[in-house]
Structures are given as C-alpha cells and as structure tokens.
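Everything below concerns the one structure shown next.
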C-alpha cells in the first residue's frame, strides 16, 4: 500500500511525503492534530492538515529561532515562548545555564501531550524545572505583562486559524511592553517566495517595524517548509543583530548545534535582492 | 480538469505543481523533453521527468552560478559553459562587456531549439554574437582544450543519465587543464539535505578538492529544486572566493540582478554546521 501526506504550499503547489504509518489523529478544542511516521523525514507533526515539524529538519528551525538572539543579547534570564508546545524552542533554550525561567504559552494542552508521547526527544525539554507552561491564549497572556522578559520567541504556526491574533499590531505592541528595556523579540516570519506568503511576510514585517526601533529579517534553509526559504524577524529595543553579536562569548558556552554557528550569523541576515526589495517596500 | 506534474526529490518525497497545459513533449536522441505551463512557476522545462528550470525561480540558479565567480575574477574574457542549452547562464554572462567569447557545449540540439521556442526570454541570449554553440559531449570537448578559458561553468543536470561523465575525476582534471593559470571553475553541486543527494554532493566535492588547490562550496535558496537548499562548487587555481572578491568593481559594472549582490557574497559561503561536516569528511 502507498500512503502519502501532502502539505499544500499554495493552491497550486504541494510537497508530498510517503508515509509509513499514521500514529495518532484527534480533534482538540482548537485543531486537528496528526502524527505521521515517514522514512525520509521521521515523525511528522501536522495541525489542521499543515505540516508543523518533522524530526529530520526541526533542528534548523529551532536552532535558528533561538541561537541568533541568544548570541546577541549578553545576558538572558527570563524568556517567554508563545506557541512552542512541541518543546523544540525550549530544548535549545535550556542549553543556556544563565536562563533561569522560561514561560511557554501554548493554547492547546492536547498538542503538548501528543508531543510528549510521540516526539519525546524534543518535548522532554518541557520537563526542565525552569519551564512553566500556560495553556492560555498568547494574545491575552501578553497583555498583563510589563518589563518582564529579556527575550520573547514567537513560535506561532501561521497567520490563519487560531493563532491569527498573534500577528496583529496590538500583539507586537504588547510584546514590546512585556520586554525589559534591552529586550529582543524573534518571530517566525514566513517565506518570501510564493505570492500569498510573501504578502503575509511583508505585512508582519511592517507591523514589527512600526513597533520596534531595530528590526532585521534573517533566513534559513528549511526543506520541509514552503519553498524551503524561511524567514525570521529580529526586533530589538537596544541590541543590533550584527554589531552586538558576541561570537566568542557564545562559543565559550560550548553549545552543540547542527545548523547555527556564529560563523554564519552575518550571512543569514544578507538577504537576496528580491527579498530585500519586498521588505523595503514597507520599511 | 486537474493536472499535476510531480518532481521526485527522493523515492519518498515529491514536489507537485498544478499544470495549466502541456506545451511540448518529444523524445530527442538523448532524452525526453517536456515544456509545461503552470500558474505558480510559469513555464517549466522537464528532462526525462526531472524538473530542469522554472520561469519563476531560474534567475536564482543562473545568477548564483554566474555572478559569484564573475565578482571574484578580475578580468574574464573567455568562458566555457558545459550544458546550459537553455541559455540562462549565457543571459547572465552577456551582461559583462569584458567577456569576448562564450563556448556553450550542449549535447542535445533539440533542447536548444525547444528553449528558443518556449522560453525565448531566456534562450534568446544564445543569439549574442559572442556565443558559439557546440552540440558535442562535454567530456570529449574538454579533452582537447588547454590553457584557454578564464571561467568554466558546469551547468549539468545531475550525475545520472547522459551527463554522468561530467561528474568524474577525469572530467574535472580536463577542466583544470582547459583553464588559464588564474582560471575558475564553478559547478552545480546538488543539495546536502536528502541522503542520496548528500552522497553525490560529497563525492563531487571530493573529486574537485583532489583536482584544484582552492575549493569552496556556496549555497542558494532555490525553491523548485529538491529541498530548496542548493549548493555550488567554486574551484580555483589562484583567486580566493572571499579574499579576492572585488565588490566595488562589480557594483561599478551596473549589472541588474534579483538575487545576487556582493553584500551577500560572504554569506553564501557560510554553510550550516551539518553541511560543513558533510564536506569536511572528504576534504
């Protein structure tokens, strides 16, 4: 028997992965959650039919959304992760001894339990004693926070469906207020390639530029995501993403990675001409 | 009616693109050639069922394989393109006034004619008076050349099928001999992500490292190719890909591009940790 899972990248493009077995499927209060097993990508987490992560390449996304700001900010103690119920971002964060508290705001408790069971090598990070999980709406959670975090990581799926509120100007303003005076916010910023996503990417960047004094976009090669060219937003109150990189300090921590290295820090901010033009239009 | 073209990335992964119309299909002496039309990628050139180029993102591949060496070598006059019957590489090369002669060795005359007819905005470059086309086997053509080119661009499809000979150590040795004493060779070097391609990528790099004194690999975000993470090999007798970049000289030429810019030159050589490890294994 042949079984294929197809992730729709646009109405006219899809990536299909041969599936060995469907390991789990259920409807939570918020979304349908599936776990599939594949030979090429290992286990695959799917939400409402969209590919969320694969065991083969999740390290790229999670390393890039975490270590880029961590190599810039000189001393992160308190971190907020919005989304991130799979534990991937937290797995990278707990490699830093100086971090003393991580709040994870993941709306869907079923998602966390499914990840604990089916991708334990990622989700077991959530058991770290510094981690506190809140099953709340991120938009509501952030409203009541002021001057509290050094780093906020917005690990939200996409600007449609339940996470929609996490892409509004109000939300980014609340993140700004929740950060300390030298805080950094990083968000997944979609892909610049397909027309519909490029528009989302531009809109997100516009709203962040209107909120933070320092904003730069960086990129990674992420094969399982649409177009494989994925962007992240770096928004900051004080630190510059390139000028304030402290490569030596980061290397001294002895953190093991498979994608990120300070050696490629500047390169990931050097965007292709067509991407620069897309973003400049709203700057 | 729904019509989809699927490009097999591995046995277990495929990218599918909705097709508006099949514009052309024929078997040449060497391969089956198809031209498809799609909404998302525009026209698509397919050889033996494999996606060769799409109108939407061919600029990324052709700019990156051409302008990276051209921004390093101080004075390129004679160029050899192996493969490249679609005219994409030549379109980028003829932007340089200092280039006086371009030999294109494309085995399959039908491919050239199909491109002239169906993707004329790319293939019309082949009409430039500096271009000479040879319908020969690249491996045989190069054997008789010595000390003749400043730049060789190996725009070969992949290490299977008719182009197989273009990936051997003998071939790279012949390219070395065909280059002048400060010549540069650039090749498409496959993707590092999927296991089978990563192996090809490693093998190619090994053979080039054994032939040229200076070898570095660089990358681009190429959405229509497997994994979207595409590598190129930069092999050189004298010039270093980073130290000998002359960004000012390149900018002064006033060449318009949509992906490459000297601003991102260093960044494209900064490979992710797992790719560096893959290549270091054979260095």
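Keep in mind that glycine also has a Cβ here, set from the backbone N, Cα and C atoms.
As annotated by TrEMBL, domain 'PABS' applies to A:2-237. Annotation comment: TrEMBL describes A:31, A:106, A:137, A:138, A:162 as S-methyl-5'-thioadenosine binding site. According to TrEMBL, the spermidine binding site annotation covers A:62, A:86, A:155, A:156, A:157, A:158. Annotation comment: TrEMBL describes A:155 as active site, proton acceptor.
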Request  = State the Cα to Cα distance, in Å, between residue A:156 (spermidine binding site) and residue A:106 (S-methyl-5'-thioadenosine binding site), rounded to an integer.
outcome  = 9
Task = Output, ordered by sequence, the same-chain residues six or more apart from residue A:86 (spermidine binding site) with a CB under 8 Å from its CB, or 'none'.
result = A:45, A:52, A:53, A:58, A:111, A:115, A:119, A:122, A:123
Inquiry  = Just to confirm: which same-chain residues, 6+ apart in sequence, have a Cβ under 8 Å from the Cβ of residue A:155 (spermidine binding site)?
reply    = A:65, A:81, A:82, A:83, A:84, A:88, A:89, A:188
Task = State the three-class DSSP label for residue A:138 (S-methyl-5'-thioadenosine binding site), counting H, G and I as helix, E and B as strand, and everything else as coil.
result = helix
Message = Of the binding-site residues A:31, A:106, A:138, which one has its Cα closest to the Cα of residue A:62 (spermidine binding site)?
response = A:106
Ask   = Under a three-state reduction of DSSP output, how is residue A:62 (spermidine binding site) classified: helix, strand, or coil?
value = helix
